[in-house]
Amino acid sequence: MAFVARFVVCLLVVTLAAGELISVPDGGRERDEHSRRRKEDTVHQKAKSQGPPVQGFDERERETDYWLEQGQKTLAEKLATPLNTNHAKNVIFFIGDGMSAQTVAATRMYLGNEANSLSFEHFKDIGSVRTYCVNRQVSDSSCTASAYLAGVKINYGMINIAASVPRYTCEYDRNTSDFDGLLKWAQDAGKSTGIITTTKITHATPAGAYASSANRYWENDVEVASSDCDPDRVEDIAEQLVGKDVARQFNVVLGGGRGNLLPKETLDEEGKAGYRGDGKNLIDQWKQTHATMGKSEYVWNREQLLAVDVSSTDYLLGLFESGHMKYNLEVQASSEAARLEPTLEEMTETAIKLLRKNPHGYVLFVEGGLIDVAHHETWARLALDETAEYSKAIDTARKITSEDDTLIVVSADHSHTMTYNGYPLRGNDILGLGDHSEEDLLPYTTLSYANGPSYYSTYTEENLGVREDVSKYDYTNPTQQYMAMVPMDAETHGGDDVAIWVSGPMSHLFRGVYEQNTIPYIIAYVAKIGDYYNGASSAPVFLSFPLLAVSILLGIFRR
């Protein structure tokens, strides 16, 4: 037996030695996807925007006690926070168009450190919202606007029209298919209302507050005619902004998009021709209509906006560009642009000061729209900067209002395909190179897109199966495109859920995971508008009875 044992041991030794001498291909064993193995001859280049390595974190983070103390402090703060069970007099609803979870996380780093927080991340309550349309897994801004402003999920590319109506339908039964939403409910309850955006005021998201359209791009009569519909029978979105009752009652309208309100033969204040073919000057029409309704004012630049006497102004229209407003980084780079273009924060503060005169309160809808526009171009720096500007506007809104009576809801309509990836060191430039691939030995950026126009700068022109050396690009350039995997003329949206952050009365009602169209009903309940308005004569009894019954049953089961 001893001989057999010695033979087995010798055999094992020889086998192990052979294993060390014989080369085994990688495919012969399971690879550790988190390994940090390197090819010795890899040349580690750095992006032009990157300087010497920085630590990027607090030295105390190396200590276990630091994290124990942080966790205990957060728990104590949560335990000490009482529920705010007030109803809301005022509501400010912010939408960051295309503001995905990755966008929020990357913006923290853009502002200096991964451990930073955007203003709304300090809000007490958070939920998660599903964003799909009735007929699309990945949504657009129009079907989502109909969901979170009117409470109904509909088809892709349409605004406030039931999903039973196909897109591009010129004529249909509007009495059975169109619906109103949050801002109309507020007006019926005697509240003031307003809308703000950094895009065109007729763009899909703001249009969701007042318009019904079988195509989100019917922003003027020429676009209606291009779809073989009769502009005399199909009202375009700009016409609805000026002529529809809910929009006519808006006390504040601020954004871009003068072109859709002006005829082609008319130049705006900056010398740009309008887009309309019917000869209608809808800005003049707005002035004439509101002159009979109270003290009204039209402004087209920042200086005029900041000079408005909000204490005596009842209706304010501000249109600051022919199309979308300029990116913040564009404005900051030009003294002339800074004189003409207000920030989202300035527009929001002006609107709140004008609206709060109403003793019944107000509902204000605010869109940070250029986050989305930048993502579509794969301009990551611009998208993150616009998210930072959006955060500033929310911070100011919270500071000049009270949590006791003002509900602030912050969310996004949908996500984008930008990812925050690789294993970069703490302190690494979020907008620079993240690391090098172990396979093609080339660098890659920490931020990249699943698809988009930057495909053609990600791969070589000679061979689209070979990546470019992306370290040659200047990542300090605001319009530098970031890597993309699939060629598209514009990067697409993403289908993942988006977060909803809430501060103020009954913010706890927004916790959990739910459909996007639930949002306006929760807001309506908290603000006592729509079916929850005390003076409503419609059908609140039919809606409140099931709600009461469900509440009672839930209470019984919890016992």
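Using the three backbone atoms N, Cα and C, a Cβ is placed for every residue, glycine included.
The feature signal peptide is assigned by TrEMBL to 1-19. Residues or ranges marked as compositional bias 'Basic and acidic residues' in TrEMBL: 27-44. TrEMBL lists D97, H203, T205, E367 with the feature Mg(2+) binding site. If you look up TrEMBL, you'll see D97, D372, H376, D413, H414, H493 marked as Zn(2+) binding site. Positions annotated as active site, phosphoserine intermediate by TrEMBL: S141. Among the features that TrEMBL reports, transmembrane segment is placed at 539-557.
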* Structure fact -> Spatial hits near H414 (Zn(2+) binding site) (Cα distance within 10 Å) out of the recorded positions D97, S141, T205, E367 come to D97, S141
* **Between T205 (Mg(2+) binding site) and D372 (Zn(2+) binding site): CA-CA distance (Å)** => 11
* Distance, H376 (Zn(2+) binding site) to S141 (active site, phosphoserine intermediate) (CA atoms, angstrom) -> 13
* **Long-range Cβ environment of H376 (Zn(2+) binding site), under 8 Å and at least 6 residues apart** => G98, G452, A490, E491
* Other same-chain residues whose Cβ falls within 8 Å of the Cβ centroid of D97, D372, H376, D413, H414, H493, the recorded Zn(2+) site, in sequence order -> G98, D140, S141, I371, H375, A412, S415, H416
* Find the one among the binding-site residues D97, H203, T205, E367 whose C-alpha lies closest to that of H493 (Zn(2+) binding site). => D97
* Residues satisfying Cβ distance under 8 Å from E367 (Mg(2+) binding site), sequence separation of at least 6 -> F94, I95, G96, D97, I195, I196, T197, T198, T199, T205, P206
* Asked: Once the chains shown are all counted, how many other Cβ atoms turn up within 10 Å of the Cβ of H493 (Zn(2+) binding site)?
  -> 23
* Asked: Taking the Cβ of D97 (Mg(2+) binding site) as centre, how many other Cβ atoms lie within 10 Å?
  -> 29
* **Cβ-Cβ neighbours of S141 (active site, phosphoserine intermediate) (radius 10 Å)** => 26
* To do: Using C-alpha atoms only, work out the spacing between H203 (Mg(2+) binding site) and D413 (Zn(2+) binding site) and round it to an integer in Å.
  => 13
